[in-house]
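J.: Sharing a structure below in structure tokens format, with a few things to ask.
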């Protein structure tokens, strides 16, 4: 596979990765109490299915997925459910037997993925609560179903891990390269892919060696390891696909649109455990790093463990800690609460000192130097976006493709004026999203109103028709005036035209609805249905008016 | 948000990390050019710079006070210093103080602060000052002293504006570009050069200054303070046009190397046209912008009334920047085509 392909832009921030790879992977001590948020994935929060006081084991299902895009949640320690609210479930370890520190585990039936039916495997992924562990937390089961609407040829293992500090995937591969590749084979089978590509940056020689050793045993699909230059953000899905395959994911589209499915190594290993061992997702590997820690490294952590416990286990020097970052230094978020629990998407915690990640200097005016444009991995014009975001010019933000920004932070990183560009973009995106939602809502309301008006008009027309029929009956037929007939003829003609137009409108609405339903059965069609009903009401009203106009003349 | 502020990182040492640092590198890069010019044209070059700087900083502080804006950050960013140095270098050595002052008022007060300060000015401030002076005071602006000792006798009188006009003429001469322009229709280039039309060392002085500016420009490129697009496009289009003219009629048109190395071509290409605030922003836009400046310089030099034209060319292209920005979008990843020149949906372009 050629390495000639490239994505635009990119930066070379200091890596600072070695400090967390020097220590071997180890388990953190079992927490006494875990807080498990119901929303650790993208989509709708899980729905609790246990009661307070219930005894649970590690791996017991405690919350079920709600609807299509959601994920199951499992107890990560054995003990008793002590609290359930709309945000989380809290489990405390049993304190009954003083000497009993044993964690009891419950597992599902192991499956042989090579023999199992795809539907069985998908269901297993669903019930195991596996989500993308790289950061987005998209339910893996939903991603695996993408085959239903796209034809896929390549499964990409995204092992680039381009953000500084983070080494969770690196360490996962060093220890479990074979598992990751087997997970990849499993997911590739589900997706119907024909090849597996591993994209990994050249700053992880040990992980690359482990992968190379595991490749010959990985069957049935061919696996290609593609070592790429270390450049941020090569681990961005779109950037990696461009780099490995020279394919561009269309704007607003998914990798599946170009026949690719991307998975993170941690996710693939979790998939394999869920299927082969029947173990739901109850723990993950987290990089604990930063200068405020005496023992930085990678740790296997039970989900829901408070971060304070982890950091203390890794030798936190609380006096030196100035910023705690969840994720990497480029895209992560600063946490204010040390008691935040570790979730499914917690890949890294950076306990930073003031020296290593100093606060941003004061912003100065943009001098239009264009450094941001040089580094943008999506070929956007960050400074134009900056002006229009500050000016609140939404039309121009769309024109300059704000929504193609992947928020990688390369522009903020190089800006000599220290403008927090990505913050501006996030804010503008949120505002625009809200506006879009409002616009759709207004559109719906308009269609509902039109439907009501049409219904009222139809009822009125029918009432009128009945009234006229009664009147005509009461009058003597002979008294029908001759000259009235001419104007009546004209009325009937125009009413006929109106009726034909109404019929055409109904047909058009039916067609639009049918086409939309064919394109995407999942989407919400209620608005189009309302529009069809409106057209039908209009037709009925036209029918009624026409028949009313005809009756007196004929009778 | 990026938490990793590159101020603390050695990895990015190749790239300056803040606006003040960037401006300071520009100042450092002017040193070779200033040194060579001072060597040939005397301390008047330095005098220009000193006067321009003092007046520029005072004006900036005064306007910021009136605008009720913080003074310290604006003075610390060194942008006014850059403007002052560039204007000081561009003016004839040992220009009278009032001339420099008028230029700095136009540059700092009108072209920069009245538009909203650093980052907001559509026109290059130093060139606004220069163009205003060139149009208003052509006698002072077109006379350039011949190579002279470091401390010419008339230096003080010139600076203080006390030198009588007659003597002024005697101490100054024409630039090579000016001389060549006014050689007369009937005179062939070879005949013109045969008459030794310029004071001794004049051509050397201009050529060596050109090389020194090139050296400074190289430093800016190496430090990635400027990108190559504008200087290469500008010098490229100048060379191309000059070569075309020269190839067409070498007896009447000057050679490309004469055009590049006398006058403000190299200085302008690396230090004036590359002012990021008033230049086009996208890479494609910068190429067009630079090429446009080069072409305008050549056209004005060849067919216009002025011997050199960097200031006018830069200002004219500054005018085109909004249009260039609108029509030079790169293709965004994931889109089949650019939206180049498109009106925003629902808005007016």
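From the backbone N, Cα and C atoms, a Cβ is placed for every residue, glycine too.
Found this in TrEMBL, in case it helps:
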TRANSMEM  B:21-40  transmembrane segment
TRANSMEM  B:46-66  transmembrane segment
TRANSMEM  B:97-115  transmembrane segment
TRANSMEM  B:127-145  transmembrane segment
MOD_RES   B:175  FMN phosphoryl threonine
TRANSMEM  B:229-247  transmembrane segment
TRANSMEM  B:253-274  transmembrane segment
TRANSMEM  B:286-303  transmembrane segment
TRANSMEM  B:309-327  transmembrane segment
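Are these features on the surface or tucked inside, and what touches them?
T.: For the transmembrane segment (B:21-40), same-chain residues at least 6 beyond its ends with a Cβ under 8 Å from one of its own Cβ atoms are 46, 49, 77-79, 81-82, 85-86, 89, 93, 147-148, 150, 201, 204-205, 208-209, 211-213, 215-217, 219-220, 223, 225, 267, 270-271.
When Cβ-Cβ distances below 8 Å are used as the criterion, the transmembrane segment (B:46-66) is approached by residues 34, 38, 74-75, 80-81, 83-85, 87-89, 91, 93-95, 97, 100-101, 103-105, 107-109, 112-113, 117, 155, 159 of the same chain, each at least six residues removed from its ends.
Outside the transmembrane segment (B:97-115), and at least 6 residues removed from its termini, the chain residues within Cβ reach (under 8 Å) are 48, 51-52, 55-56, 59-60, 63-64, 67, 80, 83-84, 87-88, 91, 121-126, 128-130, 132-133, 136-137, 140, 159-161.
Non-local contacts of residue B:175 (FMN phosphoryl threonine) by the CB criterion (under 8 A, 6+ apart in sequence, same chain) comprise B:142, B:144, B:206, B:262, B:263, B:307, B:308.
Residues 26, 29-30, 33, 86, 89-90, 124, 126-127, 175-177, 180, 189, 203, 206-207, 209-211, 213-214, 216-217, 220, 226, 230-231, 234-235, 238-239, 242-243, 245-246, 289-290, 293-294, 297-298, 301-302, 307-308, 310-311, 313-314, 317 of the same chain lie 6 or more positions beyond the ends of the transmembrane segment (B:253-274) yet place their CB under 8 Å from a CB of it.
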J.: Grab the same-chain neighbours of the transmembrane segment (B:286-303) for me: Cβ-Cβ under 8 Å, and only residues 6 or more beyond its ends, written as numbers and ranges.
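T.: Distant Cβ neighbours of the transmembrane segment (B:286-303) are 177, 181, 227, 229-238, 240-242, 245, 253, 259, 263, 265, 268-269, 273, 279-280, 309-310, 312-314, 316-317, 320-321, 324, 328.
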J.: Sequence-remote contacts (6 or more beyond its ends) of the transmembrane segment (B:127-145), Cβ cut-off under 8 Å?
T.: 41-42, 44, 83, 87, 90-96, 99, 102-107, 110-111, 152, 165, 168-169, 171-175, 178, 272, 306-307, 310-312, 314-315
